[in-house]
Every structure is written in C-alpha cells, then in structure tokens.
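As annotated by Swiss-Prot, Zn(2+) binding site applies to H12, H14, H197, D278, with the evidence given as sequence analysis. According to Swiss-Prot, the substrate binding site annotation covers H14, D16, G170, D279. What Swiss-Prot records for E200 is active site, proton donor. Per Swiss-Prot, site 'Important for catalytic activity' is recorded for H221.
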Amino acid sequence: MIDSSLPLTDIHRHLDGNIRAQTILDLGREFNIALPATTLDTLRPHVQVTSLEPDLVSFLAKLDWGVKVLASLEACRRVAYENVEDAARNGLHYVELRFSPRYMAMTHRLPVDGVVEAVIAGVQEGCRDFQVDARLIGILSRTFGEAACQEELAALLAHREGITALDLAGDELGFPGTLFRNHFNQARDAGWHITVHAGEAAGPESIWQAIRELGAERIGHGVKAVEDPALMDYLAEHRIGIESCLTSNVQTSTVASLAQHPLKQFLEHGVLASLNTDDPAVQGVDIIHEYTVAAPAAGLSREQIRQAQINGLTLAFLGEQEKAALIQRVAKG
C-alpha cells in the first residue's frame, strides 16, 4: 500500500514516546532504577501495548516508563539518536520528531535547557549516520500550566536554530489553547511553524481555538473536526493539515475502532490528512503497519492511502526546494 516512488514521511511522532524497551532496560540497569521486570520479554508488557482492548490509563502508564529512566543528558541524547535510527529502519525518508523537554527532564530533575541541547545533538548525529532527514518540534506540556510552559519555551528558544516548530499537548480539556496565546506569539516571532494537539479529547471548538488563537498550520489528531461541517470546509479551503494517527487513536479510546476513524471522511472532504504513528514504541507498531494494516481497516482505498502519503510531504515543515530535493532523492533510489 506504500508507493515506493514517493517519499515516506511521519510528521506526528513523539520522540519521548518512542523509547525502545531494550533501552529502558539498559538505562534502568545503568542507573539502578527499579523496573517492573528484569528481562526484555517480561518488561515488554509494561512498556508496550500488548492487548487489543483500548485502555487510556494503561497506555499513559506505559508511556511514562520511557522517561522514568532518563537519568542523564547522555541518556536523552541516546534516545534521540535511536529515534532517527528507528526511522531509517522503518524506511522513512523524512520524520518530524516532537518532544517535551520538561516531560523528559522531570523525573530526575535534569536541566530542561540541557535536555533540548542533548536531543538536538542526538538527532543531528542520527541524521548524519543514517541518511534520514529529520526535524524537531518542541512541545509545551500544557498540563504543567502557563508558567511552566513559559520556562519550557525559553529552553527551546535558547536553541531555536535546532527547532522547526512548536506544539501544544497534554490536558486539552483542563488547559485550553487560549491560555497559551502569548507562548505561540513568541514561537511565530522566532520563525517557527505551528502544530497543535486539538480535537482529541475536546470538541471542534478546540480546533478553532488552535487555528484562530495559536496560528496552527496543522492539527494533531483532530478527530472531532467531523462534528462541525463548517470546520471541515475551513480545513479543506485553507489547507490546514490533520496529522492522523490511526492505531494510537484506538488504543487511547479517542475513537472506538479503526472502522469508525474519521480519516476516510477527511480525505473524501479534501482535507489534507496524513498517516502517522504517534508513539510507536509504546503502541507496538510502525509506519508500515499504519499503511498496510490500519489504513485498510479504516476503510481507505488504495488511492486514498496514496493521497495520505502525498499529503504527508505536502504538510511537512520543509521549504519547497527541500521537498523537491527529497522527491528527487527518492526517485533516484
């Protein structure tokens, strides 16, 4: 189902949600951190979804184990580097890795600024070694509140040349986007692109807020957009992208099943929607699974899957010359 003549992208992929089980085991041993299991096989059910039944609480608990072992800046550099290696192994030509430096720093009270620097270094090394084009998106974890997000933003801005865009993630219901207008004004002043998690837990009004108040060019998940016909029209007309994550949305109970996922509706409506993974190490999937298993199960035709692949490049936070160069590189094999 993947068109090998086109670049394969993943533009919604959490770096801190893609920490290998083996790495969690290694770092746990290195720093004498108590883990729920002591071998890879017994650890895996604690850090990766192994049940078909959606369970948000369990999903989040598995996600947290990855950052609980980040006890040094070198550990942060390592997982960033391995994220690029994983992208190369998955056959990705271009990947946007998003991360919350505060989330990565909090368990062991690492310097947030140092985490940003370590992640940038790891990704740059990975791009050099594995010939993958990767960009970084900084996340503000709104669950920590406005003041903490300003500190997180300051750490990202201190290394602005290594960051491509800003995202807002976390408790969408308790911390609406309007609280973070000033933060995103600063991001736009820095020349960054804007993408926002919205319409995942909250309704269409959260997506409108992300667009009108934060300047979102893309929306993460955005499944609730289908509840508002005017919003669907607006997304299509203004070419605001939807970063769809099929398997993730089922595992977190955002949608009831793949068959009920709105990605097909987005594509039929002319919305620029793309296929992405989200937290692949936790989900136990890769981008190939999303194209060959999840997308057909969501009702997408072969042509719609190809369109989603095209949309991934269209929506990428790259200049037109960079996109053209990527297309040419893939064509040459």
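Glycine is treated like the rest: Cβ placed from N, Cα and C.
D16 (substrate binding site) sits 16 Å from H197 (Zn(2+) binding site), counting Cα to Cα.
Inclusion criterion for the binding-site residues H12, H14, D278: a C-alpha placed within 10 angstroms of the C-alpha of G170 (substrate binding site); this criterion is met by none of them. In this structure, of the recorded positions D16, E200, D278, D279, the smallest number of CB atoms within 10 A of the CB marks E200. Counting only same-chain residues six or more apart in sequence, the Cβ atoms lying under 8 angstroms from the Cβ of H14 (Zn(2+) binding site) belong to L97, R98, F99, I139, D278, D279.
A sphere of 10 angstroms centred on the C-beta of G170 (substrate binding site) encloses 18 other C-beta atoms.
Between the CA atoms of H197 (Zn(2+) binding site) and H221 (site 'Important for catalytic activity') there is a gap of 6 Å. Take the CB of H12 (Zn(2+) binding site) and look out to 10 A: across all protein chains shown you find 31 other CB atoms. Taking the Cβ of H221 (site 'Important for catalytic activity') as reference, residues of its chain lying under 8 Å away and at least six apart in sequence are, in sequence order, H12, H197, A198, G199, E200, I242, E243, S244, C245, N249, T254.
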